[in-house]
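Everything on this sheet refers to the single structure shown next.
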Amino acid sequence: MRRHGANQTERLESDLLKLKALFDHPLYNMPKPSIPEDDWLLKVKPKGKQSERSSLMWVSASQGGYDDVQWNSSSESHPPWLRFHLGITRWELYPHLDPNMELLTQQIATQRIVSAVQKSGGTQLKLVMSFPNYGQALFKPMKQERDEETNYNLYYFSDFERHNAEIAAFHLDRILGYRRVPPAVGRLVDVVKEIKDITTDRKLAKTFFSSPVGNVCFYGLCSYYCSTEHAVCGRPLNLEASLAVMLPDLSLAPRRSWRSPWRRSYSRSKLAKWETEPDYCSTIKKTAPYNKGTRLVDFIDLVILDFLMSNMDRHHYETFEKFGNNTFLLHLDNGRAFGRHSKDEPSILTPLRQCCRIRRSTWLRLRLLSLPQYHISDVMRASLSTDPLHKVAPLLAEPHLAALSRRLKTVLDTVSRCQEQQKEDGREKVIYDDLDMEYPLHQISDY
């Protein structure tokens, strides 16, 4: 038994070295030009006259458990969540190897919770947690055991949301080099002290009860899965949950919601248009905003993430309004991912198969992650081991990690078939070159 534990430790140490080597690779550290002022989502207003109070000076009266703080224009005075907001650009939510990320996730996992209210909308229970420094996170509770697979008779729109899927999506998105999923971290929450006793949400408070075995449970109010039959329960008080950093308030940074062209029908009998028309992508390529810029390959990036996670529930995506059509897609709401490891869902990859288009940087990183020295399953295992809930149990069961490798091969094979078709029938180029041609790509790898 002791030797088995030693083997696991050695394996994790090896995986962590692979993760470091991956993030040190030139593909993840290509030089970038300075960011123009208009490419920052938020701006810090300059101070006025000396006699005037700084326009960014926020003062708390220490009411309701919040800290008495004064933030000025110096970034050193900003809490981690505010640094995260101020670091969002046209192209990503946070930079590679962001020094703020570790402190941000640590605070979400450990800071005292001063407020817990239910987030309106949606089919399942979600709470908004607030912290003493005014930071906020979206709370999703544990509903399914790590090694439990989604029932095969459930439709994708009837599936539960999983707290570990939200956390794993953040780590996988970062490993893929996207950085488009808001930081998410696991936490054990005391359902009495950190929710019931402090909530000002009367409707939520009325849904607490004790189970027959003495566990404290609650279910909230929502469209489908908020009832005593679908309650979430502590053991007896502690409840696992994911906490994802909230994006800037919509009043400061409005977002636009886009209907996915490959949205599923959400019907038990009807098929969507893309399921019956093999040449469906030709129409999409002529339709704004997919007819110019990078929107199509941005969407393919999201498709690849969803296929690797086996997430079928992607009916919409969002962008920040400020940046118009020339910006990245937010990869939000990933709770229905990682439900099944024994079965892949090929229909998720339909946009890639039909459009045969992928950005070069994504293609190169996927090939990199297929190599033994950067194996996707190994670096994912290493990344997830840094989450606080790893001490309770690994965030993803080993079969889910193995599925990542299998699905990655499927993605690369799909691109290869597209390239073969391109040669045979003279189609447009499969690879969209988004890399600086002056960059020495021979240094990237020998593959």
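Cβ atoms are placed via backbone N, Cα and C, with glycine included.
Keep in mind the model is a prediction, meaning the values are calculated, not measured.
Lifted from TrEMBL, the feature list:
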| type | residues | note |
| --- | --- | --- |
| BINDING | Gln124, Lys140, Glu161, Ala244, Val245, Met246, Leu247, Glu318, Asp333 | ATP binding site |
| BINDING | Glu161, Asp333 | Mn(2+) binding site |
| DOMAIN | 208-425 | domain 'FAM20 C-terminal' |
| ACT_SITE | Asp313 | active site |
Integer average pLDDT (0 to 100) for the domain 'FAM20 C-terminal' (208-425): 95
Leu247 (ATP binding site), number of other Cβ atoms within 10 Å: 21
Cβ-Cβ distance under 8 Å to Val245 (ATP binding site), same chain, at least six residues away: Trp81, Phe84, Leu104, Ile108, Gly135, Gln136, Ala137, Pro182, Pro183, Ala184
Cβ neighbours of Gln124 (ATP binding site) where a neighbour is any other Cβ within 10 Å: 20
Number of Cβ atoms other than its own within 10 Å, given for Glu161 (ATP binding site): 24
Whole-number Å value for how far Asp333 (ATP binding site) lies from the residue listed as 'active site' (Cα to Cα): 9
Least buried by Cβ count (within 10 Å) of the recorded positions Asp313, Asp333: Asp313
